[in-house]
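Trainee: Let me begin by handing over the structure; questions about it come next.
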Amino acid sequence: MKAKLLVLLCALSATDADTICIGYHANNSTDTVDTVLEKNVTVTHSVNLLEDSHNGKLCRLKGIAPLQLGKCSIAGWILGNPECESLFSKKSWSYIAETPNSENGTCYPGYFADYEELREQLSSVSSFERFEIFPKERSWPKHNITRGVTASCSHKGKSSFYRNLLWLTEKNGSYPNLSKSYVNNKEKEVLVLWGVHHPSNIEDQKTIYRKENAYVSVVSSNYNRRFTPEIAKRPKVRGQEGRINYYWTLLEPGDTIIFEANGNLIAPWYAFALSRGFGSGIITSNASMDECDTKCQTPQGAINSSLPFQNVHPVTIGECPKYVRSTKLRMVTGLRNIPSIQSRGLFGAIAGFIEGGWTGMIDGWYGYHHQNEQGSGYAADQKSTQNAINGITNKVNSVIEKMNTQFTAVGKEFNKLEKRMENLNKKVDDGFLDIWTYNAELLVLLENERTLDFHDSNVKNLYEKVKSQLKNNAKEIGNGCFEFYHKCNNECMESVKNGTYDYPKYSEESKLNREKIDGVKLESMGVYQILAIYSTVASSLVLLVSLGAISFWMCSNGSLQCRICI
C-alpha cells in the first residue's frame, strides 16, 4: 500500500517537460475590418482604401492655377460684365471655380439661350485667345458705338456695358441696314456671342433704332436664325423694363458667320478662340484659393491621396479617386489580433486551436515558442511569413491598381425647363454610384475573408509540419503545443523549426519515457481503484453503525418497540 501511495504521489507531482508551440503574432493595434461573415474584426495590420479628408482650399492643379470667378458667374465673365474686369486678362487655367451665389452675371436682364450647354462647352476649355472679332472703331462707321450704355451695368458709379459686346444705336437720326461677316482663320473653334434687344415700348424702339419693325439675322454653316424684337412692357428688373436675350455659337475653323440687321443688334466685339484640355472643368465652391498644389480638386477642397476611393465629394477635377458612399473601406493585411490572456496561459486559438497571439514575437507573423532546460524564447518562421507578406502585398497592390482609375467627374448642366431630365440624370448617376459602392464594399469584404482564412491556413500548415516531424516523439497537449518525450536542447529545437529534426535519434529515449509514463498511469489506476473500494466499505460500515445506534436508543426510551416472534 505504501508503495502504491508513493507511485500516486510521483504521478501527481509536476514534471518540467520540454515543449514547443506554434503561434502567431499579436500587437496593440486597434484596426478593425469587416468580412463577409463578421463585422469589426480586430487585426494586426490593415490598409485604408478610402480617402475621407481634404484641405478645404482651392489649389493649383498640376502647377496651373484655376480661374476663380469670385463674385462673377460664367455669364458675367464670358459676356464681359464690367464688374468682372479683373478676369479679362486670364488666358489659361486648370479649372474654373464659381461661387454658388454669384452677384455679377447678366447685368442687363434677359434670357441667356442654351446657357447650360455653354457652361458644358467651357468646362472642357483650358485656355482661350480673346480677340476683337469686329474692331470697335472701324467696324461700325454708320452706327453709334458710345451711347449704348446702361445704369444696370454701371461701373465705378457710371453707366457702362459689357466689355465683349457693343450696343449699336442710331447715328445722325438713322440706323442703316448692316451686314458684317467674319471668317474663322484661327484653326480652332471660335466662340461668338451676341444679343438682341427687346424694348419695353415703341417709343424706345423708335428713339434708339429709328424704326418700328426690325430684325436680326445670324447665319453660319451650322447656325441659322432670324430674330424679331418683341416690344412689350415687362416688370422692372435691375431698373429695366426692356430685355436683352443673349446667344452664342461655335464657329468651326474656316467657317464664316454673317450678321445682318436693321436694328436691335447687340453686336459681338470680342470673341474667343478655344483650346480644349483634358481634365478641365467647372466646380461650384465657396472654398478660398490658397498657395497649394494638388492632383485632385473637389468643391470641398483639394485631395492629395493615392487611394482608389474617396467619399469627400462626387464632383472632382484632375486625377481623383473614385467617389463612393462608403464610410469605411479597410483591407486586412495582417492577422486577427487576439493577444493571449495571461490567466489562460501563454497560448490559446487561431484556426480553431490557438486562442491568442503572441505580442512577444515581433519579427514575423507566424512562429514558435519553446521551453527547455536552457530557457525559453520566441522565433518567427521567416519563410512562411515572407511568403505570406509577398502574396498579400501583391494582392493589395493588384486591387489598388485595378480600382485606382483616376477620374474627372463634373456635374451636368440643365436649365429650369429640363428639370425632369435633370432628375432622371440624377437617378441614373445615383444608380451607377450605388453599383460602384456595392462593388467596392463587396470586393473588400471578400478579400478580407480570404486573407484571414489564408493566415489560418498558414498557421495550420506550420502546425502540421511540426507534427509530421515529431510523430510519436512528442504528444499534442492542445493550444498548438507539443510536449517532448525526450530532452530537446536549443539545437534540437532549432532542427524542429527549420525542418531538419532527426526523428530516429530521439526515438529510443522517447519510447522509454512513454513506457514509464504509461506505467505510472497504470499504477495510478490501481491505486485509484483501491482507494475507491476502501472508501465504499468505510462509508457502509459508518452507515450501519449509525443506524444500529439510533435503533438501540429509540428502543431504550420506548419510542421504538421491538418484538421477536418465534
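Even glycines carry a Cβ here, placed using N, Cα and C.
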Trainee: For the set N177, N557, say which residue Swiss-Prot annotates with N-linked glycosylation site.
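Mentor: Per Swiss-Prot, the residue annotated as N-linked glycosylation site is N177.
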Trainee: Disulfide partner of C107 per Swiss-Prot: which of C59, C72, C153?
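Mentor: Looking through C59, C72, C153, the record in Swiss-Prot gives C153 as the partner of C107.
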Trainee: Under a criterion of Cβ-Cβ distance under 8 Å and sequence separation of at least 6, what residues of the same chain contact C296 (disulfide bond)?
Mentor: A302, I303, N304, S305, T316, I317, G318, E319, C320, P321
Trainee: Closest to N104 (N-linked glycosylation site): which of the recorded positions N172, C292, C492, going by Cα position?
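Mentor: Its closest listed neighbour, by Cα, is C292.
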Trainee: If you count other Cβ atoms within 10 Å of each one's Cβ, which of the glycosylation sites N40, N144 has the most?
Mentor: N144
Trainee: List the residues of the same chain that sit at least 6 positions away from C488 (disulfide bond) in sequence and have their Cβ under 8 Å from its Cβ, in sequence order, or write 'none'.
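Mentor: C488 (disulfide bond) has long-range Cβ partners D18, I20, H370, N372, V496, Y506.
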Trainee: Rounded to a whole number, how many Å is the Cα of N28 (N-linked glycosylation site) away from the Cα of N40 (N-linked glycosylation site)?
Mentor: 16
Trainee: Would you mind reading off the Cα separation of C153 (disulfide bond) from N40 (N-linked glycosylation site), to the nearest angstrom?
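Mentor: On Cα coordinates alone, these residues lie 61 Å apart.
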Trainee: When the pLDDT values for the topological domain 'Extracellular' (18-529) are averaged, what is the result?
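Mentor: Mean per-residue confidence for the topological domain 'Extracellular' (18-529): 88 out of 100.
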